[in-house]
Amino acid sequence: MDIPKLLLPKDLTQPTYTGAFISVCCCVFMLFLFLSELTGFIATEIVNELYVDDPDKDSGGKIDVSLNISLPNLHCDLVGLDIQDEMGRHEVGHIDNSMKVPLNNGHGCRFEAEFSINKVPGNFHVSTHSATAQPQSPDMTHIIHKLAFGEKLQVQHVQGAFNALGGANRLQSNALASHDYILKIVPTVYEDLGGKQRFSYQYTVANKEYVAYSHTGRIIPAIWFRYDLSPITVKYTERRQPFYRFITTICAIIGGTFTVAGIIDSCIFTASEAWKKIQIGKMS
């Protein structure tokens, strides 16, 4: 009994230069797409979202603050930090975890401090209020090197206002003027691939400059940082493409490329065969 032979289309069995060229192009194209997908699979992406909540509930209602400021025309003995808020805290001359470094042969001062504030509206200010004797004309011109809240967060591809006042220069301001920096503190969470979370704070800032007089008519300038907390939390989550999606994409690339290449090759082969038949007909 004869077994019928399976007849395949000639464009699948007959080798052509065009088919070889299309095959090479397909391999190069698939290699390019594969490397692109592999790069995307290996790399991580940062996804951000907003929600209303207090992310760091284990902080005890406190926010760590790091301040570094230079006052080139005010002696270190006169510089002090005062803290007050709506919970009744009123601390004058905070000295814990603080350091004063003389500048300009002792005529100026760089003040650095690490302290905590309550999660309620309030302010902290650099002033001469804690000095034993008030100077006649205190000069509050300054440069802010750093003002940051919470844990230090340095992550690639996360651009935030974690040190928005860093580099603020007020050396050309009125020496007797007070400076008000109004801060809106935004809680920020960063979660890495392992699920570990780090808590920090970004902030926006507006500022004004004015001359303030005491009840005795004297000018007592200060550098005020008035803050309030935003109810909105910003969360950055580090993610990587799932492996199953990577495999699915690779299979789609291979299958789709071969399918399109087969259609193109078949069309070119059919057109070529038809043209040959037309030429043979003309010759006969």
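Easy rule for this one: first residue shown is 1, then count along the chain.
Using the three backbone atoms N, Cα and C, a Cβ is placed for every residue, glycine included.
Here the domain 'Endoplasmic reticulum vesicle transporter N-terminal' (9-91) is broken down by DSSP into helix, strand and coil counts: 36 helix, 26 strand, 21 coil. The domain 'Endoplasmic reticulum vesicle transporter N-terminal' annotation in TrEMBL covers 9-91.
TrEMBL lists 102-265 with the feature domain 'Endoplasmic reticulum vesicle transporter C-terminal'. Model confidence over the domain 'Endoplasmic reticulum vesicle transporter C-terminal' (102-265) is summarised by a mean pLDDT of 88.
The transmembrane segment feature in TrEMBL is assigned to 16-35 (among others).
Here TrEMBL flags 243-264 (among others) as transmembrane segment. Long-range neighbours of the transmembrane segment (243-264) within the same chain, counting only residues 6 or more positions beyond its ends whose Cβ lies under 8 Å from a Cβ of the stretch, are 22-23, 25-26, 29-30, 33-34, 37-38, 41.
Using a Cβ-Cβ cut-off under 8 Å and counting only residues 6 or more beyond its ends in the same chain, the transmembrane segment (16-35) has close neighbours at 250, 253-254, 257-258, 261, 264-265, 268-269, 272.
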